[in-house]
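Copied over from TrEMBL, here are the features:
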COMPBIAS  1-15  compositional bias 'Low complexity'
REGION    1-21  region 'Disordered'
DOMAIN    83-271  domain 'Orn/DAP/Arg decarboxylase 2 N-terminal'
MOD_RES   K95  N6-(pyridoxal phosphate)lysine
ACT_SITE  C444  active site, proton donor
Amino acid sequence: MSSTANPDAADSASSNHREGENDFRKHCVGLCPLDAKVEPWMVEAISSGTLAEMIQRHGSPLHLIHPDLMRQNMASLVQCGRERLLDFRVFYAMKANKCSAFLKTAIDQGLGVDVASLQELERALEAGAKANDIVCTAAVKGVNLLRRCSQQQILTVIDNDDEIISLQSFTTPPPIAIRISGFHCDGQPLKSRFGFDVSEIETLLMTLDYHRLNVQGIHFHLHGASIQQRVEALRQSLVIVERFRSAGHAIRFVDMGGGIPVGYLDQESQWDDFWIQHGDAMLDRRDAITHDNHKLGRHINGNRIEGVPNVYPCFKGPVGSLWLGELLDTPFENVDSSMSSRSSIGNEFIRLNLQLRCEPGRSLLDGCGVTLARVEFRKRREDRWLIGLAMNHTQCRTTHDEHMVDPILIPSAMGTTFREASRCASNDEANDQPIDGYLVGAYCTETDLIMLRCLHFPKGVRVGDIVMIPNTAGYWMHMMESPSHQMPLAKNLIWSTGALDLTHSSAPTLANECHTPN
């Protein structure tokens, strides 16, 4: 979905650096390769010869971001709704990345903002977001957050009875939507810790009536990116909308949350092959391809591999606006099957005069960032090596076990181009031998691995080399980051027209604020 703002420039950049891209992929590949999608701006950064100097100035790790691509991703989703004449609103999920540049881009482009904490709400307001363009979806809403939502009249998604009771302490409660869960798909409930179960709708309506609260919208959150599950949730939500309207609530929208999928890999065949090889390794049919033969969420039952991998599904189709279009075009069938029509999900929203909302984070940030880290040591362990990076695993991690893309190794040679650096590496015979190994981090724990997968380095690795992890802007940079060991959080620098510079943040308490060029 991501591309540069000028298609001709994108083609030119891609063409100019294709040979370079082939070069840099050769320095590091997984034992079972997983080639990451690489945007032209990333190739430019690799080829610039400036990354080692940037890390020397700003520290390792270093997050490099490119907000221009976010505009492309936004436009693609908005256009998908416009083509179907749908009243469609996109809210940027701030939780996906802490950088102000992305927040400001979303506001400037007319998107709404989805906030999940009091701090995110304050930052959104300070950045210029209007109160009626913000939705609060925090999983836990303390009294201070609810009070601020009440003061600013921020739409608040209510998740439980205690939040309803808390609203009674305010003279003018905020406008609210109700989060619903427990939709059925293939005869099974879609379980969630969020929201009111669909079986509680009638009781919920009585509670709302007792507290004299009027609901403006229906909201839901689903784990994963299944189109079928969202279709069922939307179908059942429309029935709930009509029930709420019949009870006197002026329902204006349904919000389906986030989960619009992203494709991180170039080749489906690599994705499929990895899991075949991983299963063989688990069953001792081949050498391990993960550290200590890590199972990545799967398990062995007899001679079979079972379970669902605890990783983001990095090759998926469709993704982005194509995924959204397929969802909207799915034929609508009334939930009780008494009425089947030729209408689509999208057309039913039009018929009911409903706005459809979504809260993407990852898909808006697709292709918008990379994480860089410096190699500090190499250490042999039996037949494999440990490559120590100046970072820890929380600085490129979500709740998943692994970011399933191969990193890019950039041989370091100050002030030279990438090609010159490659020649320097190949001429250094002491560091020119092929090795297999794991990227490990700076925490004093046995489990601080940056990646669990074993990587192959055909020309070895040197201290001072740079490791780039592609496409980390969406959740990977900031979701789990920790300043443990009193290590500073990574800086976030904006890559703009090939130049990077650092200006001091106006809010020094935000240690990892984005720094923009002078």
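For all residues, glycine too, the Cβ spot is worked out from N, Cα and C.
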Note to self: Cα-Cα, whole number of Å: the residue listed as 'N6-(pyridoxal phosphate)lysine' versus the residue listed as 'active site, proton donor'?
What the structure shows: 28
Notebook entry, point to check: Can you give the mean pLDDT for the domain 'Orn/DAP/Arg decarboxylase 2 N-terminal' (83-271), rounded to a whole number?
Noted result: 96
Next item on the list: Using Cβ-Cβ distances, find the residues under 8 Å from C444 (active site, proton donor) that belong to the same chain and are at least 6 apart in sequence, listing them in sequence order.
Entry: H485
